[in-house]
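Copied over from Swiss-Prot:
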type	residues	note
DOMAIN	34-177	domain 'SIS'
BINDING	GLY49, ILE50, GLY51, LYS52, SER53, GLY54	ATP binding site
SITE	LYS52	site 'Catalytically relevant'
BINDING	68-69, HIS75, HIS81, 107-116, 141-143, GLU267	substrate binding site
BINDING	HIS75	Zn(2+) binding site
SITE	GLU104	site 'Catalytically relevant'
SITE	GLU145	site 'Catalytically relevant'
SITE	HIS186	site 'Catalytically relevant'
DOMAIN	203-261	domain 'CBS 1'
DOMAIN	269-321	domain 'CBS 2'
Amino acid sequence: MSDALLNAGRQTLMLELQEASRLPERLGDDFVRAANIIIHCEGKVIVSGIGKSGHIGKKIAATLASTGTPAFFVHPAEALHGDLGMIESRDVMLFISYSGGAKELDLIIPRLEDKSVALLAMTGKLHSPLGRAAKAVLDISVEREACPMHLAPTSSTVNTLMMGDALAMAVMQARGFNEEDFARSHPAGALGARLLNNVHHLMRQGDAIPQVMLATSVMDAMLELSRTGLGLVAVCDEQHVVKGVFTDGDLRRWLVGGGALTTPVSEAMTPNGITLQAQSRAIDAKELLMKRKITAAPVVDENGKLTGAINLQDFYQAGII
């Protein structure tokens with residue numbers, strides 16, 4: 001039984017891969033035309049489809065929307081019961097139908113023509129009513145479905161999904177859509193955390209900032225070091241400009257060397273240590289700390305004045321790994 005299941009699964013994958021391998025050679029003038037229509041669309045891209053095509057259409061709409069093209073999915077039945085009112089002349093409709101003859105098209109196509117809405121098609125039948133009405137037709141045809149009964153949409157839905165991805169990625173690259181653009185539409189995701197957060201969003205502030213003055217004794221600096229547990233203390237002048245840092249390592253070296261605890265911390269600190277700019281990207285700051293093999297740093301403003309402190313754990317807790 002297990003061999004039969006494995007063979008069936010592998011056969012399905014092989015058939016789907018075989019059909020999908022034919023897609024690249026089909027991309028031509030219609031693909032370019034479809035991409036350009038979307039790129040120059042002043043409104044939204046409305047994706048529509050029935051059954052399995054509709055399920056894939058929802059994913060295509062979501063991919064377009066998250067990669068710089070305003071898009072949403074409308075079910076054909078809902079479109080015919082009021083949702084056509086959401087579609088305007090500056091919009092584009094991408095209709096998915098393998099047969100190209102979905103009965104809803106008989107009513108939808110004339111309404112789109114009345115509104116001068118550009119129609120794009122994904123279909124397996126290029127000369128179907130849908131194919132003839134569309135300004136650009138993307139060929140998702142298959143020689144056979146992976147279903148052993150040749151009934152359930154399998155290979156054809158894979159082709160549809162891949163063609164949708166190809167179209168979305170081509171449009172995305174043409175728009176110059178980049179990582180930061182992507183992060184702005186995914187603020188709760190890992191990429192959003194990496195690219196949208198600046199140091200000032202994550203840094204410790206107020207009483208949580210370990211700080212002493214240049215004239216503070218090593219003893220008091222040690223107490224401040226212990227109070228915050230950050231592994232360092234920022235050493236500042238009277239204008240709160242950071243002049244150095246006093247770390248656990250500095251304290252150990254000072255004590256091993258026989259230094260007095262009453263000595264000003266300015267003599268035991270590391271002068272001109274690493275500081276981070278409050279407005280810098282958090283991901284860049286984290287990478288700097290890791291490159292320098294340090295775990296924490298003071299945060300300063302554009303004038304070098306202390307505004308906060310941060311350590312690697314603060315980045316990790318924010319999802320910046």
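Placed from the backbone N, Cα and C atoms, the Cβ positions cover glycine too.
Other residues of the same chain near the ATP site, with their Cβ within 8 Å of the Cβ centroid of GLY49, ILE50, GLY51, LYS52, SER53, GLY54, are HIS55, ILE56, GLY57, ILE96, SER97. Across the binding-site residues listed here (ILE50, ILE109, VAL142), the residue whose Cβ sits among the most other Cβ atoms within 10 Å is VAL142. Sorted by the number of other CB atoms within 10 A, the binding-site residues GLY49, GLY54 start with GLY54, the lowest. Of GLY68, HIS75, ILE109, LYS115, all annotated as binding-site residues, the residue with the shortest Cα distance to LYS52 (ATP binding site) is HIS75. Cα-Cα distance from GLY51 (ATP binding site) to LYS115 (substrate binding site): 26 Å (rounded to the nearest whole number). Sorting each residue of the domain 'CBS 2' (269-321) by its DSSP state yields 17 helix, 17 strand, 19 coil. Looking only at the recorded positions GLY49, HIS75, GLU104, the one with its C-alpha closest to GLU145 (site 'Catalytically relevant') is GLY49. This prediction places the mean pLDDT of the domain 'CBS 1' (203-261) at 94.
The shortest Cα-Cα distance between GLY54 (ATP binding site) and any of the recorded positions GLY68, HIS75, GLU104 is the one to HIS75. Close to HIS81 (substrate binding site) in the fold, though at least 6 residues off in sequence, lies no residue with a CB less than 8 Å from its CB.
For ILE109 (substrate binding site) paired with GLY49 (ATP binding site), the C-alpha to C-alpha distance reads 13 Å.
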